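**Q** Have a look at this one before I ask anything.
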Amino acid sequence: MIRAAPGLVVALMALPVAAGLAGAVLPAFGYFPALGGADFSLAPWRDLAAWPGLGSAVRLSIVTGLGATVISLAITLLIVAAWQGTRSFRVVTSLLAPLLSLPHAAAAFGLAFLIAPSGWVARALSPWATGWDRPPDLLIVNDQAGLALIAGLVLKEVPFLMLMTLAALGQTDSARRMAVARSLGYGRVMGWAKTVLPAVYRQIRLPVFAVLAYSMSVVDVALILGPTRPNTLAVQVLDWMTAPDLTLRFTASAGAVLQLLLVLGALAVWILAERIVAARGRLWAGRGARGQMLDTPLRTLVALPMAFIGLGVGLGLTGLALWSVAGLWRFPDLLPQSYGLRVWTDQSAQLVGLGRTTALLAGLSALIALVLTIAHLQAGASRLVKVIYIPLLVPQIAFLPGLSALGLWLGLDGTLGAVLAVHLVFVLPYVALSLSDPWQAWDHRAGLAASALGAGPWRVLVAVRLPMILRALCIAFAVGFATSVAQYLPTLLIGAGRVGTLTTEAVALAASGNRRLIGVWAVMQMALPMVVFALALALPALIARRRRGLKVA
Amino acid sequence: MRFQTCAAACALALAMPAFAQTPDTSDWPAVLEEARGQTVYWHAWGGDPRINSFIAQVGAELSERHDVTLEHVRLADTADAVTRVVSERAAGRDDGGAVDVIWINGANFASMKDQDLLFGPFAEDLPNWSLVDTDANPAILIDFTLPVEGYGSPWAMFQMVFEYDSATVPQPPRSLDALRAWIAANPGRFTYPQPPDFLGTSFLKQALYGVLDDPSILLKPTDDVDYDAVTAPLWAFLDEITPNLWRSGRAYPANEPALGQLLADGEVDIGFSFNPGRASAAIADGELQDTVRTMVFDEGTLANSSYLSIPYNAANKAGALVLANLILDPEIQALAQDPAVLGFQTVLGMDRLTPENRARFDALDLGIATLSPDEMGTGLLEPHPSWMTRVAEDWAARYGTAE
């Protein structure tokens, strides 16, 4: 069974991935018989080129995607370099990890309400400091440079990269590397950058690629915070995809393929930049500057983005929660004039029903993904298995219409099983991503010792290896759970509207712009994965308490 | 392994049960019988809690009276349901489709009807059709100049009203020209949703009515008229107001609820909506200041209707027909017109109702900000659907990208 695992995983992933890609590429060249496109042509590309916003949209996608990735990565690495091993680091990371479970859309709404001209910041300063008794006419959210969009993405991607870096840290012997560097007189940050970073970066490369691909093609955050004249390319593709004029589907497909090419191009540029940085970095490390003076200023500097993320998320979510119980709340009142639970009681039946479906889907898909990941890792790494990461690098908007066509063709759409299967396509790569590094870095000598004592491969796996990586297993499960909860387009398209989750409901209601409703659903949507995350962090700690000798990774 | 998975799935697909025959709409008792026990999936925009709870009430009634279960599939965009049906046809699913009923009009309706994606004609066979007042409201037989021909059952009428805060705008502008002057005098206090949003593009069409000497050409397809000459005054109007719009026209709200939120936040002083009862309902719920009132232009405002349509491949057509008929029931129509529920205008003719049913409508309190029927002025006909598309495209080229 174990030996068949890689094949099974590839089969499970390859078919949807292939159909998803074919479903984007064929219509982009004019082939979509159901819409009368029986011949191949370049007309969709001509239509795409004729769209006046194309240049700006492409530039926006590249700038916001690369910008969000570079900033998120820099903040993450600086935080870890400057603070790793300290008490406040442990506090901050335990606060940051659950942020991963926060749906992007909820974080974006929270941020928007904070920084908008009618938002909390302006309210706190008005009218006493600003003289505003009406919201000022300032373009902050939806600004044309995409700064708000980048901020919203950074807010979410730093916790993700942070968690991935933490997972990698345990496997790179970072404590001893640092000890050596420090004893040679290197400053904290400089020593970390020269001795730990090269090993850690190698392990978080794929998550970084995923962040880049995601940031370039994100739809929901861009809808809330991104520029509108024009949109980012991904949002524009969605507009075309859902336009009543069905001939725009062809343009949409061409746009989707262009989005895919942009992502691939950006990845290529990124990899090239990696090489240059690595070559320069070797020379730089060889010069041996100790950089002890850097620690204090850098620690102070990095406290700024940390505060921004903490306050942005904390106040943003508090604001959403407050809106969910607010009556009339006019500018510039800092707090609502009245409170009420009307929206909560109105929604309670829905919340319970959809919460149950959501938890079922997320729990099952995370569990299956975990078992499949363990099985294919146990069977030995195979190049073919890289296929499962494709869903992370192909923009969802290019991928999903084709996938839904597959579900229809098999007559499986609209069932819980089909939705579970398509969730798995997106959950599996994240679970594999979380688990494979700790898995590879496991100390094989423990297995050798067990084998020498007569344990078979199964026993080594179940009695030695899995308990030793329990923390990574729990985190991988929680990541999978959160990923499933956040799925919108896959649930909508494959669920055919018959399988609803907290997220499909939340995004449908987000269209209303009704902050009270958004508050209710965002709070629910974030509570569910957060509980699972809390358990995932608490469980290994509880077990490890009784086995002091066992170093749980 | 891969082959086996595929083979199993194909076998499953073949083993799916055959679906019921298309119901004969002229034999209503048979339709009711066939519908019994069905579950109808109504795809409708899910962004408004009032509409959602109205649909839930209809569902309770449907289950009680006809033993049909209603599932409201909450869409972020009606086009999602159209996409769904298109994908089903692409996949060869010509019966047993997932969408049983769509709440539809305008370009979505035109697109589906053009492509033969709709079941029908059925609307005029519904028993409650006799209560629909097509003499007083002939416009409900024509959706955006396209004859409905029984492929959609009208269930509510809408007319654009402007919503203004009487505390900050004591003398609201009651025509397009007055609005133009008001915007110049109050920079940053007016905007419209960004086309191709339905409401935003509707504002452009409303503006076209205001700038044209002979608006009747709007009823012809754009290809049949001198489009550039006709629209020139519209672009002149927009060029004039854009620098004085909210955010100087550098950003626009996404849709009707987003515009409503701007009004509630005090970011703009004048908004607009297609639901004349929206402002009253929002005030009643404490979401809008009670100084907001509504008004219409002297030259009239755009009016249109909403329809229920049934896709050609719907799995539960009988149940869908029963739903379409129930929505035309006087009790349900009065519920929809109640400003505390929806505030939608009924399609029924009062003279066709029993005194008891008429009393249901007479008893309704219109709400603090809602205009009475005789204050609603002229309802302007929706232009041909091609105007919607083309004007939105041109708007995107002129204003939709940063210069």
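For all residues, glycine too, the Cβ spot is worked out from N, Cα and C.
So TrEMBL lists the following for this protein:
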- A:54-273: domain 'ABC transmembrane type-1' (DOMAIN)
- A:351-539: domain 'ABC transmembrane type-1' (DOMAIN)
- A:60-83: transmembrane segment (TRANSMEM)
- A:95-116: transmembrane segment (TRANSMEM)
- A:145-169: transmembrane segment (TRANSMEM)
- A:206-226: transmembrane segment (TRANSMEM)
- A:246-273: transmembrane segment (TRANSMEM)
- A:301-329: transmembrane segment (TRANSMEM)
- A:349-375: transmembrane segment (TRANSMEM)
- A:387-410: transmembrane segment (TRANSMEM)
- A:416-435: transmembrane segment (TRANSMEM)
- A:468-489: transmembrane segment (TRANSMEM)
- A:518-543: transmembrane segment (TRANSMEM)
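Show me how these features fit into the shown structure, please.
**A** Through the fold, the transmembrane segment (A:60-83) approaches residues 89, 92, 145-146, 149-150, 153-154, 157-158, 161-162, 165-166, 169, 188-189, 192-193, 196-197, 200, 208, 211-213, 215-217, 222, 226-227, 230-234, 259, 262-263, 266, 270, 295, 298-299, 301-302, 305-306, 309 of its own chain, all at least 6 residues removed from its boundaries and within a Cβ separation under 8 Å.
Using a Cβ-Cβ cut-off under 8 Å and counting only residues 6 or more beyond its ends in the same chain, the transmembrane segment (A:95-116) has close neighbours at 122, 135, 140-141, 148, 151-152, 155-156, 158-160, 162-163, 166, 218, 220-221, 224-225, 309-310, 312-313, 315-317, 319-320, 323, 478-479, 481-482, 485-486, 488, 503, 506-507, 510, 515, 518, 522, 525-526, 529-530, 532-534, 537.
Remote same-chain residues near the transmembrane segment (A:145-169) are listed as 60, 63-64, 67-69, 71-73, 75-77, 79-80, 84, 93, 96-97, 99-100, 102, 104, 107-108, 111-112, 115, 196, 199-200, 203-204, 207-208, 211, 214-215, 218, 221-222, 224-227, 232, 305, 308-309, 312-313, 433-434, 437-438, 472, 475, 479 (criterion: CB distance under 8 Å, separation of at least six residues from the stretch ends).
Sequence-distant contacts of the transmembrane segment (A:206-226), counting only residues of its own chain at least 6 positions beyond either end whose CB sits under 8 Å from a CB of the stretch, comprise 60-62, 64-66, 68-69, 72-73, 104-105, 107-109, 111-112, 141-142, 146, 148-149, 151-153, 156-157, 160-161, 164, 232-235, 238, 259, 262-263, 266-267, 270, 389, 392-398, 429, 433, 488-489, 507, 510.
Same-chain residues lying 6+ beyond the ends of the transmembrane segment (A:246-273) with a Cβ under 8 Å from its Cβ atoms: 24-28, 30, 32, 35, 37, 43-45, 47-48, 51, 58, 61-62, 65-66, 69, 208-209, 212-213, 216-217, 233-234, 236-238, 240, 393-395, 397-398.
When Cβ-Cβ distances below 8 Å are used as the criterion, the transmembrane segment (A:387-410) is approached by residues 9-10, 13-17, 19-24, 206, 209-210, 213-214, 216-217, 219, 234, 237-238, 241, 256-257, 259-260, 263-264, 267, 418, 422, 425-426, 428-430, 432-433, 489-490, 493-494 of the same chain, each at least six residues removed from its ends.
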**Q** So if I exclude everything within five residues of the ends of the transmembrane segment (A:518-543), which remaining residues of that chain have a CB under 8 angstroms from its CBs? That is, six or more out.
**A** 94, 97-98, 100-103, 105-106, 109-110, 317, 320-326, 343-344, 347, 351, 355, 358-359, 362, 470-471, 474-475, 477-478, 481-482, 485-486, 502-503, 505-506, 509-510, 512, 552
